[in-house]
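Q: According to Swiss-Prot, the feature disulfide bond maps to Cys67-Cys292, Cys79-Cys91, Cys112-Cys154, Cys296-Cys320, Cys488-Cys492. According to Swiss-Prot, the feature N-linked glycosylation site maps to Asn23, Asn37, Asn53, Asn78, Asn180, Asn300, Asn498, an assignment based on sequence analysis. Annotation source Swiss-Prot lists S-palmitoyl cysteine at Cys554, Cys561, Cys564. Residues or ranges marked as signal peptide in Swiss-Prot (evidence: sequence analysis): 1-16. Under the heading topological domain 'Extracellular', Swiss-Prot lists 17-529. Look at Swiss-Prot and you will find 551-565 tagged as topological domain 'Cytoplasmic'. The transmembrane segment feature in Swiss-Prot is assigned to 530-550; the stated evidence is sequence analysis.
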Amino acid sequence: MKTTIILILLTHWVYSQNPTSGNNTATLCLGHHAVANGTLVKTITDDQIEVTNATELVQSTSIGKICNNPYRVLDGRNCTLIDAMLGDPHCDVFQYENWDLFIERSSAFSNCYPYDIPDYASLRSIVASSGTLEFTAEGFTWTGVTQNGRSGACRRGSADSFFSRLNWLTKSGNSYPTLNVTMPNNNNFDKLYIWGIHHPSTNNEQTKLYVQELGRVTVSTKRSQQTIIPNIGSRPGVRGQSGRISIYWTIVKPGDILMINSNGNLVAPRGYFKMRTGKSSIMRSDAPIDTCVSECITPNGSIPNDKPFQNVNKVTYGKCPKYIKQNTLKLATGMRNVPEKQIRGIFGAIAGFIENGWEGMVDGWYGFRYQNSEGTGQAADLKSTQAAIDQINGKLNRVIERTNEKFHQIEKEFSEVEGRIQDLEKYVEDTKIDLWSYNAELLVALENQHTIDLTDAEMNKLFEKTRRQLRENAEDMGNGCFKIYHKCDNACIGSIRNGTYDHYIYRDEALNNRFQIKGVELKSGYKDWILWISFAISCFLICVVLLGFIMWACQKGNIRCNICI
């Protein structure tokens with residue numbers, strides 16, 4: 001009886017051991033790289049899926065300063081572009097300046113006779129895109145009037161002065177004759193003329209300066225005509241002046257003629273600005289300008305353009321990422337992450353990719369782990385790794401190429417009377433941003449889905465390649481591992497990895513070992529049940545033996561049993 005019990009317990013222990021730990025078998029598992037803490041990305045089918053690595057696609061911060069390279073950035077300091085163009089005394093340093101981007105500061109102010117420009121935004125945009133304040137004086141003949149009017153509101157140094165690009169005409173003696181002046185454009189470029197009309201604060205000031213009780217200014221070309229009549233009346237005082245000057249502008253094409261007719265209140269041009277076509281622009285910003293390199297500028301400062309999208313500012317200049325609403329979009333640049341289970345059981349069994357990934361595999365994305373007579377080991381499969389990396393590399397650059405703007409997004413400005421146009425423009429811009437935000441999210445989700453499917457496919461391809469090599473010499477264990485039924489040392493494992501494994505060499509040995517092991521080994525589907533039954537029978541037999549011993553001892557008188565009621 002004792003012998004039977006010992007044999008049953010021994011058999012139970014033997015069945016509990018790892019059947020692949022012998023010298024005549026080996027275990028080969030295929031797996032992929034994993035990390036302890038992956039990155040969540042969005043795909044077409046999942047809002048959140050964990051991958052081993054991902055790249056942020058949205059630039060959400062600027063460097064806090066505007067780089068002056070590779071663009072010529074002109075700091076307007078205390079001057080607006082229009083004041084610099086008109087020749088405000090405190091902006092004389094900007095005469096004949098050139099720029100790619102003119103930076104207007106919030107601290108900019110006018111320091112001359114108070115003026116308004118009915119179409120300020122258009123004039124500002126035209127001058128900004130020209131990229132220069134190059135000015136050419138012309139010999140206008142103003143007969144019978146006094147030129148070079150001045151004002152105490154516009155001082156140049158300690159003397160009264162006026163805008164350097166404009167000529168304020170007043171009466172000569174007690175007369176102001178009707179003026180008729182023409183100026184042809186015989187050049188092959190457009191000319192921009194700036195002129196204006198003075199609005200006195202009182203009728204007395206009107207006759208004192210221009211004799212006539214009501215003046216008039218008409219400026220014409222072959223294509224256009226503007227007639228302006230002064231609005232006489234008191235206005236809030238600015239730098240001691242309650243009068244105003246309204247500034248207008250006229251573009252004269254090659255072969256056209258500029259005609260000026262006036263009987264009073266004319267602020268005449270002194271020459272023209274040469275119009276240029278280019279990609280120069282203007283931007284309002286208080287960010288400091290520094291010596292650095294950046295191809296994208298926003299009012300918040302320059303930003304890198306190595307990402308396809310940005311959430312810093314809608315207004316940009318240069319080669320910039322596309323503006324979207326999202327603060328973050330992550331592009332998967334690694335495979336699906338399945339963190340490795342830290343506890344593998346009593347015998348430290350290895351597991352394949354079906355169960356989890358492998359942490360610590362730094363030399364490749366896909367690889368092998370094995371157990372054989374020489375111990376355990378791990379090696380990466382560089383071919384499948386490179387195949388996946390080659391297809392993922394360049395993905396970010398392709399997204400950038402599709403989305404980076406090669407032009408600047410200018411500020412949209414409209415006068416108060418164009419409120420409906422401004423509302424429409426805002427609606428169009430917001431709609432464009434909404435569409436781009438949606439397209440960006442969809443594009444990234446598609447790319448992420450493709451990356452994950454691609455890396456999964458490479459894993460399956462490697463598994464199928466290994467299975468075709470091993471054939472009947474091994475059995476698929478269902479967890480990404482193969483049980484090899486012949487002795488397979490490290491050299492043998494290496495031949496499987498590099499594709500030189502010859503299954504015919506090991507075929508006979510594998511078949512013999514398979515039959516021998518199958519005679520003892522139990523299929524995993526029934527093994528647990530048999531082990532539990534064996535354990536139950538063992539316990540039952542122990543109880544029977546113990547009960548028989550007690551009964552035998554009672555009969556011999558070695559044990560006395562008293563039952564008390």
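Cβ atoms are placed via backbone N, Cα and C, with glycine included.
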Q: State the Cα to Cα distance, in Å, between Cys67 (disulfide bond) and Cys154 (disulfide bond), rounded to an integer.
A: 34
Q: Just to verify a number: CA distance, Asn300 (N-linked glycosylation site) to Cys320 (disulfide bond), in angstrom, no decimals.
A: 13
Q: Among the glycosylation sites listed here, Asn37, Asn53, Asn78, Asn180, Asn300, whose Cβ has the fewest other Cβ atoms inside 10 Å?
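A: Selected from the glycosylation sites Asn37, Asn53, Asn78, Asn180, Asn300 on minimum Cβ neighbours within 10 Å: Asn37.
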Q: Give me the long-range Cβ neighbours of Cys488 (disulfide bond): same chain, 6+ apart, Cβ under 8 Å, in sequence order.
A: Ala26, Leu28, Tyr370, Asn372, Ile496, Tyr506
Q: Are there any residues at least 6 positions away along the chain from Cys91 (disulfide bond) with a Cβ closer than 8 Å to its Cβ? List them or say none.
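A: The list for Cys91 (disulfide bond) reads Asn78, Cys79, Asp83, Ala84, given in order along the sequence.
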Q: Which whole-number value in Å describes the distance between the Cα atoms of Cys296 (disulfide bond) and Cys112 (disulfide bond)?
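A: For Cys296 (disulfide bond) versus Cys112 (disulfide bond), the Cα atoms are 35 Å apart.
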Q: Counting Cβ atoms within 10 Å across all protein chains shown, which of the disulfide-bonded residues Cys79, Cys292, Cys492 comes out on top?
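A: Of Cys79, Cys292, Cys492, the one with the most crowded Cβ is Cys79.
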Q: Spatially speaking, which of the recorded positions Asn37, Asn53, Cys112, Cys154, Asn180 is closest to Asn498 (N-linked glycosylation site)? Use C-alpha to C-alpha, please.
A: Asn53
Q: Can you tell me which of the recorded positions Asn53, Cys154, Asn180 is spatially closest to Cys320 (disulfide bond)? Compare CA atoms only.
A: Asn53
Q: Let me know the model's mean pLDDT on the topological domain 'Cytoplasmic' (551-565).
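A: When the pLDDT values over the topological domain 'Cytoplasmic' (551-565) are averaged, the result is 67.
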Q: State the count of C-beta atoms found within 10 angstroms of the C-beta of Cys112 (disulfide bond), not counting that atom itself.
A: 25
Q: With a 10 Å radius around each C-beta, find which of these recorded positions (Cys67, Cys296, Cys320, Cys554) has the fewest other C-beta atoms nearby.
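A: Lowest Cβ count within 10 Å among the recorded positions (Cys67, Cys296, Cys320, Cys554) is Cys554.
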Q: When you rank Asn37, Asn53, Cys292, Cys492, Cys554 by Cα distance to Cys154 (disulfide bond), which of the recorded positions ends up on top as the closest?
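A: Smallest Cα separation from Cys154 (disulfide bond) among Asn37, Asn53, Cys292, Cys492, Cys554: Cys292.
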